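Going by TrEMBL, these are the annotated features:
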COMPBIAS  744-759  compositional bias 'Polar residues'
DOMAIN    196-359  domain 'CSC1/OSCA1-like cytosolic'
DOMAIN    370-642  domain 'CSC1/OSCA1-like 7TM region'
REGION    738-768  region 'Disordered'
TRANSMEM  6-28  transmembrane segment
TRANSMEM  96-115  transmembrane segment
TRANSMEM  154-173  transmembrane segment
TRANSMEM  376-396  transmembrane segment
TRANSMEM  416-443  transmembrane segment
TRANSMEM  464-483  transmembrane segment
TRANSMEM  571-601  transmembrane segment
TRANSMEM  649-668  transmembrane segment
Amino acid sequence: MATLKDIGVAAGINIVTAFIFFIIFAVLRLQPFNDRVYFSKWYLKGLRSSPASGGFLNLDVRAYLKFLHWMPEALKMPERELIDHAGLDSVVYLRIYLLGLKIFAPIAILAWAVLVPVHWTNHTLELAKQLKNVTASDIDKLSVSNIPLYSKRFATHIVMAYAFTIWTCYMLMKEYEIIANMRLQFVASEARRPDQFTVLVRNVPPDPDETVSELVEHFFLVNHPDHYLTHQVVCNANKLADLVDKRKKLQNWLDYYQLKYSRNNSQIRPMVKLGCLGLCGQKVDAIEHYMAEVDKTSKEIAEERENVVKDQKSIMPASFVSFKTRSAAAVCAQTTQTRNPTEWLTEWAPEPRDVFWPNLAVPYVSLTIRRLAMSVAFFFLTFFFIIPIAFVQSLATIEGIEKVAPFLSVIIEHGFVKSVITGLLSGLVLKLFLIFLPSILMTMSKFEGFTAISLLERRSASRYYIFNFVNVFLANVIAGAAFEQLNSFLNQSPNQIPQTIGVAIPMKATFFITYIMVDGWAGIAGEILMLKPLIIYHLKNAFLVKTEKDREEAMDPGSIGFNTGEPQIQLYFLLGLVYAPVTPMLLPFILVFFALAYIVYRHQIINVYNQEYESAAAFWPDVHGRIITALVISQLLLMGLLVTKRAALAAPFIIALPVITIGFHRFCKGRYEPAFVRYPLQEAMMKDTLERAKEPNLNLKGYLQEAYIHPVFKGGDGDDDDDSVLGKLEGEVIIVPTKRQSRRNTPAPSRISGESSPSLAVINGKEV
């Protein structure tokens, strides 16, 4: 059980650690040779071409005296300018941290002003210490554990629960309204993008007489004759993409050895072993070997390109279909196309840079099976992960270490060492256990077949949140309380068991305080160092960079990481809402996290992160829903806690809270969510009218023709025949002769042959 001294030691260590990280960052960011890492976004946008100070090192002493100057600088850029600079997704992501401050700052003030005195002025825990297996510290005296059974003081908690709920819902509604308006304004003022005119059509039914490309064109010429513009069929180019990636890696090794040879004064040719990981096998000339491998792979790429273009089996029953106007695309994306709701499925196309191309080749019929399989796999991952976490965390305590290594008792029982272990180790162990989880969850999301990177991240974030709820929250609170109940059941009479549960649940707050400091203080401060990108950039810059394009790839900073950052934020919302009426001691630690994270990520978004897609804050309904879920969980847990405290007469007054909260969520869902899932036809018409007035001679077809062609056909990988292959792909779209012999609903002539289909006469009434 962590005491106030243990928490103080842990807080001191984390504050010092964060401060050291900031000092190291201040030194590193001032060095000219690190400029492309810590200001990479300005280089990628073409607004910065060289460091602010020349030379290799910054020798200006005055610059180092302002090592925290980046904090106020990060807050200076206005929100409207920040949207233009980084996009709406990044700005709305930052607003989640601001929302945390807006919700928890008043709650913390109210809780400390009202609940802390109510808790502190009791003596229940002093009597509880006489019970076996029940311990308490000064921190627990600030919690609901210090209130006796049957106490009338629980009425205060009910009033505070209503106050916290009303305030949280009010702030959520205001934020939802603000962000919905921001999204609509952003979409209205946004420049022309291919996805505004394009829908993704899935599950195109097979036809024995026509190719997928012909079938798609004929279908939309019939059903959208005045608005259809062009389309691009989806091809299975995954093998080709793998070959292109393979050649890129081989080319990197070839460049490395060529540079190494050119810098070698002894003129010794570099050698490489062909065995496992280059540790064994035949030794050959590295340059000749990789030149041969690059040539071999280039030939394979050329052959695979031809196969993809010519083989109809590589064409998937899906297509990107573009329209002449945004309003026509909105109608198509948001309506059912045929009587059979399982065919000709339409949805908004992701913007081209948001498309996750490998999953476009996944057959639509297999998506349900894939998602069911991943749901089962996630279930087992979530619940079986509790075992190693619980085992390792049991060892990360004073008692656990003494059981495994009794000879360390003399050392760990020392005051300072004991405080470090109690206040720091368990939170650090949990943080380390979660390092590889985001990669696992992202792999599972990719297997499920989502076609957009934004959808992959949102799916992964949703599962990360569930995992945190089960393994980080429930495993440490509910399971911990159950453990206390089990011990009590063995040693106490049945009427003492509820009291033990009532004491055990709020006492778990001390663990979460240590976790918040490790993850939310030192972890956030470590984020700004960018150690991994820094090391990768300097390695690539030393061995692989030959051109400015190589240098841009080397300093690629990545994006903000919604799939990892947002679930972390939601865990703090959950902890804050659950423990606000139970242990207000936890709230200041959460406020420090939200404030520090807001400043750090604002700096990173302005100077470093380069968002790889723009969804116009489409993720906000998920954020809102998870905060509502946390609020309902906090109300149910408080209700259960009051029951264990024998305050059964008070508990029914909280029953209305979940009902009110869920009703509020349904109101927000109906009022604001449509702005995030549908595109208003009025907005689309306004943009179309404005565009026709400003650019009456716009060649929209030329603008959209190549927008959704697979990246491997767009060049940039070193092949000379990219243009010719691209021309063949475009030909597949443009030249559509009518071959159909069956009588289908195609009452329109081919654009090329000019001949009507056999069914046209039937529809015109000229043939029976």
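Glycine is treated like the rest: Cβ placed from N, Cα and C.
In the predicted structure, the domain 'CSC1/OSCA1-like 7TM region' (370-642) carries a mean pLDDT of 80. With a cut-off of 8 Å on Cβ pairs spaced 6 or more residues apart, the transmembrane segment (96-115) and the transmembrane segment (571-601) reach 3 or more such pairs and are scored as touching.
Counting C-beta pairs under 8 angstroms (sequence separation of 6 or more), the transmembrane segment (649-668) reaches the transmembrane segment (154-173) with 3 or more such pairs. Same-chain neighbours of the transmembrane segment (571-601): 18, 71, 74-75, 93-94, 97-98, 100-101, 103-105, 107-108, 111-112, 115-116, 119, 139-140, 142-144, 157, 160-161, 164, 168, 465, 468-469, 472-473, 505-506, 509, 512-513, 516-517, 520-521, 524-525, 527-528, 560, 565, 626-627, 630-631, 633-634, 637-638, 641, counting only residues six or more beyond its ends whose CB sits under 8 Å from a CB of the stretch.
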